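Only one structure is covered here, and it is reproduced in the block below.
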Amino acid sequence: MEEADLTLPLSQDTFHDLWNNVFLSTENESLPPPEGLLSQNMDFWEDPETMQETKNVPTAPTVPAISNYAGEHGFNLEFNDSGTAKSVTSTYSVKLGKLFCQLAKTTPIGVLVKEEPPQGAVIRATAVYKKTEHVGEVVKRCPHHQSEDLSDNKSHLIRVEGSQLAQYFEDPNTRRHSVTVPYERPQLGSEMTTILLSFMCNSSCMGGMNRRPILTILTLETTEGEVLGRRCFEVRVCACPGRDRKTEEGNLEKSGTKQTKKRKSAPAPDTSTAKKSKSASSGEDEDKEIYTLSIRGRNRYLWFKSLNDGLELMDKTGPKIKQEIPAPSSGKRLLKGGSDSD
């Protein structure tokens with residue numbers, strides 16, 4: 001009867017009997033619980049590309065080094081000599097060690113090495129503030145320019161142009177921004193590789209750099225983040241790079257000329273002052289020393305002579321007469337007393 005009932009089409013009445021006759025294998029009892037399968041440090045919600053990108057980000061120091069370091073590979077940079085014309089979009093000053101460029105304009109920078117770096121080496125660009133009171137802050141674009149940008153890296157100041165292999169990073173500890181591009185060997189007949197950088201915010205933007213000077217650090221690194229070379233230069237993003245470069249170089253020359261003139265025109269120490277102070281320390285010697293005074297005009301000479309004769313007479317008569325003559329306390333009091341007596 002039970003077998004006949006089971007052959008009938010399934011319905012709510014036959015489901016209970018079917019469930020009770022299901023054979024459960026004892027082998028399933030030895031399997032681990034479902035929770036055990038998820039406790040093996042596996043995150044199924046993590047994007048594999050994101051995991052790989054985070055893995056390649058080296059731990060950045062709190063304060064990046066800004067000293068130039070050529071390293072074993074002779075890492076160096078070369079800038080185009082664009083001059084100081086008003087029409088240039090970027091120009092580099094060797095005197096100042098400073099790059100002047102326009103907003104969002106491409107700036108070519110040559111990368112030179114004496115010895116080829118390891119396979120997979122990258123060039124990393126990072127921006128930091130120059131002054132010590134601002135070096136702890138992250139260099140970002142101003143809110144105005146960020147709002148006009150729809151890209152994923154809209155807050156990054158430095159962009160790499162002309163390469164689809166550029167990667168943008170944000171350090172998880174310091175929050176500093178950086179961008180990397182793979183190092184490419186120089187083409188045949190060339191000694192250097194050129195990378196194209198653009199700066200996406202003006203130096204004067206409120207809420208961004210806010211007229212605070214910045215430094216750009218270019219490092220040659222391995223895939224593990226080991227620094228093979230480092231170069232640093234100051235950057236000013238402005239509307240007229242040629243004009244600003246010419247102005248700052250002129251100010252540098254003027255300040256250097258002023259310092260030279262000050263050193264040349266420094267007055268020599270006055271020896272007469274030293275002699276006077278030395279002689280003033282010995283009052284008794286001054287009274288006995290004889291001085292010669294040149295006087296213009298006979299009448300004036302006779303007046304000074306009579307004055308001198310009177311003083312000589314006082315010295316001969318003794319100190320008693322000097323004590324009888326009271327010394328005036330001050331000139332103002334004498335005048336005031338005279339007016340009262342009148």
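Positions of Cβ are set from backbone N, Cα and C atoms, glycine also.
According to Swiss-Prot, the region 'Transcription activation (acidic)' annotation covers 1-35. Look at Swiss-Prot and you will find 68-255 tagged as DNA-binding region, backed by similarity to another entry. Residues or ranges marked as site 'Interaction with DNA' in Swiss-Prot (evidence: similarity to another entry): Lys86. The Zn(2+) binding site annotation in Swiss-Prot covers Cys142, His145, Cys201, Cys205 and rests on similarity to another entry. What Swiss-Prot records for 236-243 is region 'Interaction with DNA', and it gives similarity to another entry as the kind of evidence. Residues or ranges marked as region 'Disordered' in Swiss-Prot: 244-287, 318-342. The compositional bias 'Basic and acidic residues' annotation in Swiss-Prot covers 244-256. Per Swiss-Prot, the feature motif 'Bipartite nuclear localization signal' maps to 261-278. Annotation source Swiss-Prot lists compositional bias 'Low complexity' at 271-282. Taken from Swiss-Prot, the feature region 'Oligomerization' covers 288-317. Annotation source Swiss-Prot lists motif 'Nuclear export signal' at 302-313, citing similarity to another entry. Per Swiss-Prot, region 'Basic (repression of DNA-binding)' is recorded for 319-336.
A separation of roughly 24 Å, to the nearest angstrom, links the Cα atoms of His145 (Zn(2+) binding site) and Lys86 (site 'Interaction with DNA'). Just so you know, of the binding-site residues Cys142, Cys201, the Cβ with the fewest other Cβ atoms around it within 10 Å is the one at Cys142. The residues near the Zn(2+) site, meaning same-chain residues not in Cys142, His145, Cys201, Cys205 whose C-beta sits within 8 angstroms of the mean position of the site's C-beta atoms, are Arg141, Pro143, His144, Gln146, Met200, Asn202, Gly207, Gly208, Met209, in sequence order. Residue with the densest Cβ environment among the recorded positions Lys86, His145: His145, by other Cβ atoms within 10 Å. A simple way to gauge crowding: the CB of Cys205 (Zn(2+) binding site) has 17 other CB atoms within 10 angstroms, across all the protein chains here.
In the three-state DSSP classification, Cys205 (Zn(2+) binding site) falls within coil. Between the CA atoms of Lys86 (site 'Interaction with DNA') and Cys201 (Zn(2+) binding site) there is a gap of 20 Å. The DSSP secondary structure for His145 (Zn(2+) binding site) is helix.
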